[in-house]
Amino acid sequence: MQAGSWVVGGGDSDSRVLSIQSHVVRGYVGNRAATFPLQVLGFEVDAVNSVQFSNHTGYAHWKGQVLNSDELHALYEGLKLNNVNQYDYVLTGYTRDKSFLAMVVDIVRELKQQNPRLVYVCDPVMGDKWDGEGSMYVPEDLLPVYREKVVPVADIITPNQFEAELLTGRRIHSEEEALAVMDMLHAMGPDTVVITSSDLPSPRGKDYLIALGSQRTRSPDGSVATQRIRMEICKVDAVFVGTGDLFAAMLLAWTHKHPNNLKVACEKTVSAMHHVLRRTIQCAKAKAGEGLKPSPAQLELRMVQSKRDIEDPEVVVQATVL
């Protein structure tokens, strides 16, 4: 399912990404968190900003505008009229509006008709768990759209545990149940599923969280092989915004480079995340001062400062093949 060409250390990529996500003037979420890493890794990125806010909504105040489905359609029509709507990848993240999400699906379907090898990477942002209890932070009417329209056209999805449970209607209490949920998600459409975080216990203790991945690869003879992995990721004692957007963008890049090796793609993605977050928390604590809690502004991802780690991450998190 992978498209284009990619060369480590030089050479232009032929791959072009249409990224439909939020935008902030200050900070790194949505397209701001995805565009720079993808460009550093050799991709052309065309960004549609689903919202334009002054900053992310974790601050005390924010101002801005929201793009509606008609405006999204108009932007896409402009690309189409000029015959510049050829893409290898589509990347989407947080969306609050049902009609906007349906328009995204229409665009993806049309692009896939033009290029059957196009890969759609979807982070189905709907909610999360706090202290074991899950809650949605988007309108509930988005769930059936994700289930019935979005996931079936996606090739790679990156839900957290709660979102995977929402999509399948099945709770996860064990690794075996998580693997079964990923199989259910495969059956809905995507060949690659990564559950980016879970509340499953880690053998390494409470300071680690478990992430799981599953990738189905089809051989020319029609046979299907499945690679499943588990990763134990050291927790960072801070609340960051934009990490899911960064994760999805880097997973797009590294699955492109390693199309049939989810283990390596996830190791590089998670290791790069580790370096970015470590640098961010160190800088935030230094700016806040000893014993003081860093502010949202101080916890903005140190993206530019992490360019080398994004480009060529030292692998510090190993994945286990299950």
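Even glycines carry a Cβ here, placed using N, Cα and C.
Values in this document were obtained by computation on a predicted structure and should not be read as measured data.
Marked as N-acetylmethionine by Swiss-Prot: Met1.
Feature annotation from Swiss-Prot assigns pyridoxal binding site to Ser22, Thr57; the stated evidence is similarity to another entry. The DSSP secondary structure for Ser22 (pyridoxal binding site) is strand. Of all Cβ atoms in the protein chains displayed, 26 besides its own lie within 10 Å of the Cβ of Ser22 (pyridoxal binding site).
Residues annotated as pyridoxal 5'-phosphate binding site in Swiss-Prot, with similarity to another entry given as evidence: Thr57, Gly244, Asp245. The number of other CB atoms found within 10 A of the CB of Thr57 (pyridoxal binding site), across every protein chain shown, is 16. According to DSSP, Thr57 (pyridoxal binding site) sits in a coil region rather than a helix or strand.
Residues or ranges marked as phosphoserine by Swiss-Prot on the basis of similarity to another entry: Ser69 (among others). Residues within less than 8 Å, Cβ to Cβ, of Ser69 (phosphoserine) and separated from it by at least 6 positions along the same chain comprise Asp97, Ser99, Phe100, Ala102, Met103.
Secondary structure from DSSP puts Thr158 (Na(+) binding site) in coil. All protein chains included, Thr158 (Na(+) binding site) registers 28 other Cβ atoms within 10 Å of its own Cβ. The annotation Na(+) binding site is assigned in Swiss-Prot to Asp123, Thr158, Thr196 on the grounds of similarity to another entry.
The ATP binding site annotation in Swiss-Prot covers Asp123, Asn160, Gln161, Phe162, Glu163, Thr196, Ser197, Val236, Asp237, Ala238, Thr243. The Cβ of Asp237 (ATP binding site) has Ile281 as same-chain neighbours under 8 Å, each 6 or more residues away in sequence.
Look at Swiss-Prot and you will find Asp128 tagged as Mg(2+) binding site. Proximity of Asp128 (Mg(2+) binding site) to non-local residues of its own chain (separation of 6 or more, Cβ distance below 8 Å) is seen for Gly134, Ser135, Tyr137, Asn160, Phe162, Glu163, given in sequence order.
Counting only same-chain residues at least 6 apart in sequence, those with a Cβ under 8 Å from the Cβ of Ser174 (phosphoserine) are Leu200. Look at Swiss-Prot and you will find Ser174 (among others) tagged as phosphoserine, backed by similarity to another entry.
Look at Ser223 (phosphoserine): DSSP puts it in coil. Take the CB of Ser223 (phosphoserine) and look out to 10 A: across all protein chains shown you find 8 other CB atoms. Taken from Swiss-Prot, the feature phosphoserine applies to Ser223 (among others), supported by similarity to another entry.
The Cβ of Asp245 (pyridoxal 5'-phosphate binding site) lies under 8 Å from the Cβ of Gln21, Val29, Gly30, Asn31, Ala33, Ala34, Gly93, Tyr94, Asp123, each of these being in the same chain and 6 or more residues away along the sequence. For the recorded site, Asp245 (pyridoxal 5'-phosphate binding site), the DSSP three-state label reads helix. According to Swiss-Prot, the feature active site, proton acceptor maps to Asp245.
Other Cβ atoms within 10 Å of the Cβ of Ser295 (phosphoserine) number 14 in total over all chains. When secondary structure is read from DSSP and collapsed to three states, Ser295 (phosphoserine) falls in the coil class. Marked as phosphoserine by Swiss-Prot: Ser295 (among others).
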Max pairwise CA distance, angstrom, over record-listed pyridoxal 5'-phosphate binders Thr57, Gly244, Asp245: 15
Cβ-centroid neighbourhood (8 Å) of the pyridoxal 5'-phosphate site, Thr57, Gly244, Asp245 excluded: Ser22, Val29, Gly30, Ala33, His56, Gly93, Tyr94, Val125, Val241, Gly242, Thr243
Which one of these binding-site residues has the most other Cβ atoms within 10 Å of its own Cβ: Gln161, Thr196, Ser197, Thr243? Thr196
Count the Cβ atoms, other than its own, that fall within 10 Å of the Cβ of Gly244 (pyridoxal 5'-phosphate binding site), considering every protein chain shown. 22
About how far apart, in whole Å, are the alpha carbons (Cα) of Thr243 (ATP binding site) and Ser22 (pyridoxal binding site)? 13
Nearest to Thr196 (Na(+) binding site) by Cα distance: which of the recorded positions Ser22, Thr57, Gly244, Ser295 is it? Gly244
